[in-house]
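Copied over from TrEMBL:
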- 69-91: transmembrane segment (TRANSMEM)
- 90-377: domain 'FAE' (DOMAIN)
- 224-244: transmembrane segment (TRANSMEM)
- C234: active site (ACT_SITE)
- H313: active site (ACT_SITE)
- 385-408: region 'Disordered' (REGION)
- 420-500: domain 'Beta-ketoacyl-[acyl-carrier-protein] synthase III C-terminal' (DOMAIN)
- H421: active site (ACT_SITE)
- H425: active site (ACT_SITE)
- H454: active site (ACT_SITE)
- N458: active site (ACT_SITE)
Amino acid sequence: MPPTGEQDLLSTEIVNRGVESSGPDAGSITFSVRVRRRLPDFVQSVNLNAEIGSLSREELWRKLWDSTAGYDLATVLAFFAVFVFTLSVYFMSRPRSIYLIDFACFKPSDELKVTKEEFIDLARRSGKFDEASLEFQKKILESSGIGDETYVPRAIMSPDNISTMKEGRAEASLVIFGALDELFKKTRIRPKDVGVLVVNCSIFNPTPSLSAMIINHYKMRGNILSFNLGGMGCSAGIIAVDLARDMLQANPNNVAVVVSTEMVGYNWYPGKDRSMLIPNCYIRMGCSALLLSNRSRDYRRAKYRLEHIVRTHKGADDRYFRSVYQEEDEQRFKGLKISKDLVEIGGDALKTNITTLGPLVLPLSEQLLFFATLVKRYLSGTKPKGTTTATSVTLDGSQKSPPTSSGTKPYIPDYKLAFEHFCVHAASKTVVNELQRNLGLSNANVEPSRATLHRFGNTSSSSIWYELAYLEAKGRVKRGDRVWQLSFGSGFKCNSAVWKAVRRIKKPTSNNPWLDCLDRYPLEELS
């Protein structure tokens, strides 16, 4: 017997009636019974429809829930709740977009401008260099790619050339407050609204710190997250952006200010060691300040969105670690000692960095070609390490023969397919030329680097922002364009930052360091 609940759903029917013709039951009546599910009771359905028509909306919903639709509707609602929860977790755990609202580059006054000839004259009048050292610096300047309009602080111009803490603070106040005043003016943001502050300066690190000096000057709020990065060289600008990004990811609805600079007067080396005289010739005054935001409402007024940051550190190798090294010479004068192999070391660090960056930015076709070349080199037994394809060049312009190797030439991906603009750290003419050759870049690609080096010199960690300011002044940055910033620094480090323009950048009419000299660039002799 079926369960009582199912009896009402079954119907019976007698079929095959007859009389038994033989056997012990001959003459008896026989029949068969067919059992099947009952057809719908249409009368009841009509009655149900009539009943439904007389029900209110609330009663109808309750009747549907209690009868046929309860289980299915509960399942749908449960599924929908799980879907909404999963979607919420995904968007909450996804990294927040970091926007570059705007940036500013400090331009010193004309009274601090020096030509190459004036620079050598200042060094001669200091009485701290012999003729051999002066001739070496003059030779470096002639091949440096630096022009006659770079800036040096008053400490170098003074006859005493005394690099005191007082002079260092004065130079820091001049360049940092100059850049920040312009940034706050351009972005119309109050200093008290800044939640994160990151400052990087490699050599000059007083107590209280430069970040504390900024907070004191602008009377920023007491719960600001402030950081001061020191001793990280020319690549510290991207490291500072990376730190600011991490802070913004952990602190929603906030803005961050990043300041990148270097104190030239405090780094002035008055000795005779040639490897320590090189920074004197290249490093010039400069400072950049930028405003970052993680607030979605700032998207409309932002210029760029941060896409990637890739950092490479080679400090585990002593040769790389000592390539840019602060120490005293035989006369106990402090300075930065530059290795003759710095360009070669930088090239190897670059190779590691772009190997990591490539899969993030290159189209699939370039990645496949690069992978195929690696496989071919592996099958042919060629070791990539230590191989090179061209003569190595040192910072002073001399050349040396590379170790010979045979096998398949390494494939260099075409990064022009990944980026529209390049901001390569303007360390020296030699460095820019080598990067152009190794990456297969055109003269137009490295034009911002050469122009920045010629007009402002090597401004250390802020140079990549003077280069981006050059691109904006030329009106070349359009919506969707990708910008690659590449910098090198002591340690040894190579860092990359990738930005994407979220709107077309209009040519500036003010607050750009290039406006008074833009028509002169590019210079043909810089190519």
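Cβ coordinates come from backbone N, Cα and C, glycine included.
Summarising model confidence by region, the domain 'Beta-ketoacyl-[acyl-carrier-protein] synthase III C-terminal' (420-500) averages a pLDDT of 95. Ranked by Cβ neighbours within 10 A across all protein chains shown, the active-site residues H313, H421, H425 are led by H425. Look at the domain 'Beta-ketoacyl-[acyl-carrier-protein] synthase III C-terminal' (420-500): DSSP puts its residues at 35 helix, 21 strand, 25 coil.
Of all the active-site residues listed here (C234, H313, H454), C234 has the Cα closest to the Cα of H425 (active site).
Within 10 Å (C-alpha to C-alpha) of C234 (active site) lie the following active-site residues from H313, H421, H454, N458: N458.
Long-range C-beta contacts of N458 (active site), restricted to its own chain and to partners at least six residues apart, with a cutoff below 8 Å, comprise I146, C234, Y282, I283, R284, A426, A427, S428.
A Cα-Cα distance of 19 Å separates H454 (active site) from H421 (active site).
Its Cβ placed at the centre, C234 (active site) has 27 other Cβ atoms within 10 Å.
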